[in-house]
Amino acid sequence: MTSRYKQTYPGLPTTGVNDHEEKSSHWVPSPYIILLFVFYLLLLFITKAIEDDLPSVVQERDISKDDSNTFSEVSARKYLHRILGDQPRVSGTVYHFVKTRDIKDLVDEIANKANLPVRTDWQYVSGDYWLAFSSPHVNIYQNVSNIIAVLEGESGFPNGSIGTSLLVNCHYDSVPFAMGASDNGVFCSAMVETLSKLSRRKKKLKHNVVFLFNGAEENVLLGSHGFLQHPWSKGVMNVINLDSAGMNGKPSLFQVTDPRVLEVYKRTAVRPNAQGIGEVMFASGIIPSDTDFRIFRDFGDINGVDIAFIKGGNVYHTRNDRPDLIQPGVIQNAGDMLLGLVRELADSDVLDTKEPQSTFVYYDYIGLFLVTYSRSTALIVDLFIGILGLCSVFYFLWMFGLRRSSVTSLLWSTAGRVVCLCVGLAAVAFFTSLMILTTRQMRYLSAQWMVIPLYALPYLISAVYVSHLYDYSFTKKTMNRSIRTSQAMSGTRLLLSVALLALCCFPALSNIRYIISVPLLLMSVGSFVSVTFVRYGNLKAWQHLVLDVSLASPAALFGVALALRLVPLLAPVAGRSAADRPDYVIALVVTALTTVVAGTAVSVDLHYYMRMRTLLLYMQDIRLNL
């Protein structure tokens, strides 16, 4: 029996108006759909597991006395308790002075046992400076304390002055009422352990390493500014600044002013964690905080990298910033990163000369590897990816008939993507407003998984349902489900390509364009394979589904990993901000991230495969039969 409907695309079956006439090969049985959702849950679990994976704790007893390359969390925790004590260490208080003396004794003990020369100093310093922050003001300080230890390298102290040096900085003071275990005790303890291990070396590093334990960061960055008056600051060529805006997880590299240091980090970091979008957030004031990195950059002309813990920001500057809440492996991971970076950088040619301030585009792929390139290269890369995305759309049209009707159908489908986005945003806005009116804001601050049912699911459900209705109305009469899916995903790539090419007109956004370019690249490459198989492979619907899921997984992993980084960072930031309705901010961020993740995953278009015999379809069938 021949169909009474014209076959628009040769070799590929189309469907008529009546959904009941479709062959069984054109739709996916329900068990496959269930398996697909299980697969995406597994994908989320795997990404979360990779993000949370920490190394095993190394015992000091398992390290030989001559081993200068192995960091021990057990030793670092001992140093941590000596640094913290049992009270907050607010600069200017008596207890702060007591702990300053204890840190001085600690580094002196290491110096006395060291194989290499280690010089120490307790700096008292006074001064003033103009801080051009969001609220510009003059800072005046008197008798600020810093503890400084220098591991002497081959550059040494020629003619009474200090040779080329690497600066490693942390602060040991805390805010009132907070123990400051993560902010910034963890990195202080990691620095002491790094100094201890490197001092065991038999051979000097090429350059000196200056370990600065500054005593007044919480008082608007006073200690770091005071250090710039010390004679040992004169030989500093680069800085590794260490700080915290959260607890646990992996420290993130989020500011770069010398790409050479970034390249060393790339070589040495076993679990790289770096996202250039953090740099834009700091520069724009979205994150209402600052670090000593600003002082070294703006007042000392010292470039380098800024690294901080960002997860667990709900305990930042609170009584819950306690050492017993630091998870096993956190200090080990931070210490492994720091020891490898300091050792490699201090023994390289990077510190021979200073370079003008500049930055790179950088991001890691779910902590497996780090991608870096210059801003000029970023423009070329992003333009290429944008054009590639457009080519993938043209390829779809060419494969299935390049004619006016095909282009019109694609544009209608693309418009449907925009309609779905708007409806999803409206749904999230409605539920967010309802939540604000009926309950307390930021209830998910310490349980951030709740943003999924509160924001992500309303967006997905409403967008997918509207997408089904829209595409059924405009495209069901002309093509089967597989082609409709390919067309819808081509529409998504068209929107992303146009958006990326538009963003290329703004150089200041170089460090955030990768949020679009990376998924678009992966989606575009995968689309050439998918469209070819759909056109010539005579695939059954379930086979097409498996193919698309496999091709979309790398982009989905990137989007999920990005969401797992940004939500824990921005939720506490929104809670600390002066915004009257921080829930709206988080709702917008989560919706944007959901759009990125959903746009890469075929799950958004699953409804094309399902036999959704809803009341609407029955009503339309009845109307057509009449």
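Positions of Cβ are set from backbone N, Cα and C atoms, glycine also.
Pulled from TrEMBL:
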DOMAIN    146-341  domain 'Peptidase M28'
REGION    1-24  region 'Disordered'
TRANSMEM  32-50  transmembrane segment
TRANSMEM  378-398  transmembrane segment
TRANSMEM  410-437  transmembrane segment
TRANSMEM  449-470  transmembrane segment
TRANSMEM  491-509  transmembrane segment
TRANSMEM  515-533  transmembrane segment
TRANSMEM  545-564  transmembrane segment
TRANSMEM  584-609  transmembrane segment
Does the transmembrane segment (491-509) come near the transmembrane segment (410-437), with 3+ Cβ pairs under 8 Å (pairs 6 or more apart)?
yes
Considering only Cβ pairs under 8 Å, which range in 410-437, 449-470, 515-533, 545-564 makes the most contacts with the transmembrane segment (378-398)?
515-533
Restricting attention to the domain 'Peptidase M28' (146-341), give the mean pLDDT.
94
Among 410-437, 449-470, 545-564, stretch most in contact with the transmembrane segment (32-50) (C-beta, under 8 angstroms):
545-564
Any contact between the transmembrane segment (449-470) and the transmembrane segment (545-564), i.e. 3 or more CB pairs below 8 Å with pairs at least 6 residues apart?
no
